[in-house]
Structure formats: structure tokens, C-alpha cells
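Asker: My structure is below; once you've seen it, I'll send some questions.
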Amino acid sequence: MVGDITEGPECQLKDPMDLFGSGRVVKICAPMVRYSKLAFRTLVRKYSCDLCYTPMIVAADFVRSAKARDSEFTTNKGDHPLIVQFAAKEAQVLCDAARIICPFANGIDLNCGCPQRWAIAEGYGACLINKPELVKDMVRHVRNQIDNPKFSVSIKIRIHEDLKRTVDLCQKAEAAGVSWITVHGRSIEERHQPVHYDAIKTIKQSMSIPIVANGDIKTLKDAENVHHLTEADGIMVARGLLANPALFAGYEETPFKCIQDWVDIALEHGTPFTCFHHHLMYMMERITSKQEKKVFNVLSSTSAVLDYLNAHYGV
């Protein structure tokens, strides 16, 4: 089974739908606020990640402001296949954002899963799972207005207490032309409760488009197990990749080579210190002692971090 997720030549497919048609489980880096930016995407792609998402971007701001576009979205030639995730509540606004992003990415994803209060208060994120007609309308609008047939339109959802409602939402989205659906197997109210992998399997069995499983996948073994439990076509990982960006390549914990790669990539991209440091804190969580953490986590400059890594790990 490990073979299903790790075997074969490195995937060179640039079209997400080709990835899903390859017969392999698609390994995906989740949209993470502040973290799944270009430098980190560059790192996980070196370690067998097939498909990366940007952090969630508010579509209305993105359409309205060039400043927002410049600060929220950066990419380069190697950053593919790439999905840009948007928060939106109006079909035309989502279409306008999709049209702007289309030349630079392989698809967009509509966030229907963010449970944060601010998002729900604004009509974004997880509240959309209770508006299946609106979701259907948004998917259909983008499908009709983007000329490129290879440009994907996906959605990321949470589940309802009554799973029939989730299946109904997914079937409506499928009818509107959604490319695939990522299912985080918790309801809006659930935070740290166990993930309902059985619910993801039920959704998978009710659909004819690819389904991606998401939630509490921290190791490659977890990814294998979740694939077994859900029969999902893809596995999306968030915090597990922060802790170990080499997870999909089969490493149990972050190898020092990966830490060295992060230092090189982050410096090359001019990554702000706080982001650079936070990623290292996550990566070194499992490989440093409490005493080392106390020292490392309060370092306050790039040069101090580089000196520490060189002195302690030869990085």
C-alpha cells in the first residue's frame, strides 16, 4: 500500500486532472493561512508533493486592489500545478478573480470549509455548505466564463451533521461542472474531535468525480490509512507538512537536508524573518529537545538562526 502513495517516477504532470487520472493517489499541500506561500510550496514540491494550494485569498479584495494582488499572490515557472483558493460569496466576483488568475495558475478552489467566525460572519467559508444553490451557481459561472477547458474549478468543504445534505451539496456541485471536491471530515462545530473518514467514504461512493480526503493526516502512514478508509483519489495535508515537509517522500521526521533546503529557498525568496523562523520551529519540533527549543524559539534575527543551525546541526 505504501506503493500507492510513494511509488513511481516523480510526477511531471502539470494538469491537475491528469494527476487524478494517473491511477496514483494525488499528494496535496493544503491552503494554509500565512504558510502555504511560494517558498514553502517550492520546498514541498522537492519532496514528492504533486499539487499545491495558495493560502485563502478574499476574491473581492483581489479583484478590487492591485496592492492586494501583489501582496497575496506570487508564483514562478516551477510553481505548478497550482490551485489558488478564494473566499467568495458572489458568482461574478469569483469569476472576475478566476479570470485574473487564469494565466498564472492551473485552477481555482472555492473555500466552503473555513470555520473561523470572521469568515462565516462575512458569508464566506463554511457557511456556504448551507447554500448549495449558491455554490452550484458560482461553480457554473466560472465554468461558463473561463475559456480554458483545462482550468479546474474545485471546492473544499466540511460535512453536515446530516450527511445526506453534504451528498446533496456535492452532487449539485458535480452537476455544475466542479472538477473535484476536497472533504475535511468534520462539521463546522468540530475542531479537535476525530475526523469522520466514514463520511468521506460515503461521499466518494456517491460521486463520479475525484474526492480528496483532508483532516488529521500527520504522517505518510496516516495518509496510507486514510486512503484505505476513504478510497479517496487524493490526500491533502496541512499541519503534517508544516511539521515535516518531506512527509510525502516517506520521511518519518524532517531530514536535515530538508532544513538546509528551506534555508536556501527562504533566503533566495526573501522570506520575512517571522515566516522563515516559524517554519523552522515547526520542522524542528520533533527533532529538538525542550532545552534546545527554549533557545531556538526566541532567536530574533536571520543571522542568529543561521548561526544556531550551523553550530548545532552543521546546516
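Using the three backbone atoms N, Cα and C, a Cβ is placed for every residue, glycine included.
The structure displayed is predicted, hence computed values, not measured ones.
Marked as domain 'DUS-like FMN-binding' by TrEMBL: 29-292. Residues annotated as FMN binding site in TrEMBL: P31, M32, V33, Q85, H184, A238, R239. Per TrEMBL, active site, proton donor is recorded for C114.
I would like each feature placed in context: is it buried or exposed, what are its neighbours, and how far apart are things?
Answerer: Taking the Cβ of Q85 (FMN binding site) as centre and 10 Å as the limit, one finds 25 other Cβ atoms among all the protein chains shown.
Sequence-distant neighbours of C114 (active site, proton donor): residues of the same chain at least 6 apart with a C-beta under 8 Å from its C-beta are M56, A87, I120, Y124, G125, A126.
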Asker: Pop the mean pLDDT for the domain 'DUS-like FMN-binding' (29-292) in here, whole number is fine.
Answerer: 97
Asker: Is it possible to get the count of other C-beta atoms within 10 angstroms of the C-beta of P31 (FMN binding site)?
Answerer: 25
Asker: Based on Cβ atoms within 10 Å, give me the single least packed residue among the binding-site residues H184, R239.
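Answerer: So among H184, R239, the binding-site residues given, the one with the fewest Cβ atoms within 10 Å is R239.
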Asker: Please find, for P31, M32, V33, Q85, H184, A238, R239 as listed binding FMN, the greatest distance between any two Cα atoms, in Å.
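Answerer: Greatest Cα separation within the listed binding residues comes to 17 Å.
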